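What follows is a short report on a single structure.
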Amino acid sequence: MKYLIILAAAIVAVAAQAPKNRATSSTTTTGKPLAPKLASPTPKPGDFALNLTFVLTGKSIPTKDSNSKVDGYVQVFSKTGAAEEVLVGTTDTLKDNDNPEWLNVFWINWKRGTQQKLHFIIKDHDTLGKDDDVGEVTIDVDQYVDKNQDLKVPLVPEGGELLIKRTQPTRFQLYARNVPHKDQFNGKSDPYVEVYWRVGKEGADHLIGSTAIINDEENPDWKETFEFSNYQKGTNQYLFFKVLDSDALTGSDFLGELLVEADPYVTKRATKITKLTKGDGITTLGITPV
Ligand SMILES: *[C@@H]1O[C@H](CO)[C@@H](O)[C@H](O)[C@H]1NC(C)=O
């Protein structure tokens with residue numbers, strides 16, 4: 001719901017800017033060149049309305065609490081031109097960590113030359129009293145895009161840094177073939193898949209989502225589309241799939257798993273069919289980019 005409101009605000013903001021932006025295109029419909037009226041750099045092709053997705057990392061975030069490190073979270077606001085700023089979202093709180101890597105992915109619609117700003121307020125969560133502001137910074141979104149959507153900025157007034165870095169969300173669907181018959185009564189399994197991502201082969205798993213359970217099916221095609229919104233090229237990320245047989249009485253049975261290196265998979269953008277590991281040696285999992 002929050003995002004819908006922001007989207008609506010962004011559309012209004014974009015609509016309000018429409019006449020100005022038309023003036024930045026190099027030709028009119030009659031082919032006559034138009035003088036650019038804005039001081040901002042000439043837009044590159046495809047630069048006009050981008051959906052920017054990003055994550056946040058803190059470095060040496062200060063705290064007012066003398067007993068422990070910061071329990072930090074960030075409020076993200078966006079502002080276009082003279083309009084009032086709107087809340088884009090808030091990260092989770094990462095406890096006792098002055099170098100927090102927040103996993104939350106934010107997105108904004110960006111249009112060059114509209115004086116769009118992002119305002120970040122870093123807070124220290126306090127279980128007893130009011131949460132303290134421990135730093136803030138405002139960035140110009142055009143400049144952030146010109147820095148390849150990878151920007152490190154100092155926080156005011158007490159130091160520390162915030163890194164804002166783009167993600168490249170990638171979507172896919174799943175199917176399996178030759179799921180073993182594990183059900184004691186009528187044979188066929190009731191398979192479903194849990195989908196995670198991690199950094200490094202042995203990294204901690206972060207849940208992306210689960211498929212529905214498909215009853216009595218050895219060749220399930222799951223309908224859900226999953227989005228790996230934290231995908232960042234070149235950061236050693238993996239997708240991890242756990243295939244299970246749902247059983248209401250005895251709990252789920254493990255059927256096999258699969259670890260997929262994210263970069264080669266995303267680069268190829270082709271369906272990947274792989275035999276599950278730790279399974280019966282026959283079951284395969286298909287990952288289809290959407
Ligand atoms: C921008 O990307 C995010 C992440 O993929 C998505 O959830 C959101 O709907 C997109 N917004 C628009 C306006 O397309």
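Residue 1 is the first one shown; counting continues down the chain.
The backbone N, Cα and C atoms fix where each Cβ goes, and this holds for glycine too.
Curation plays no part in TrEMBL annotations; they are all automatic predictions.
So that you can see what the record holds, here are the features copied from TrEMBL:
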| type | residues | note |
| --- | --- | --- |
| COMPBIAS | 22-31 | compositional bias 'Polar residues' |
| DOMAIN | 147-277 | domain 'C2' |
| REGION | 22-42 | region 'Disordered' |
| SIGNAL | 1-16 | signal peptide |
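Residue counts of the domain 'C2' (147-277) by helix, strand and coil are 7 helix, 63 strand, 61 coil (DSSP-based). Taken together, the residues in the domain 'C2' (147-277) have a mean pLDDT of 95 on the 0 to 100 scale.
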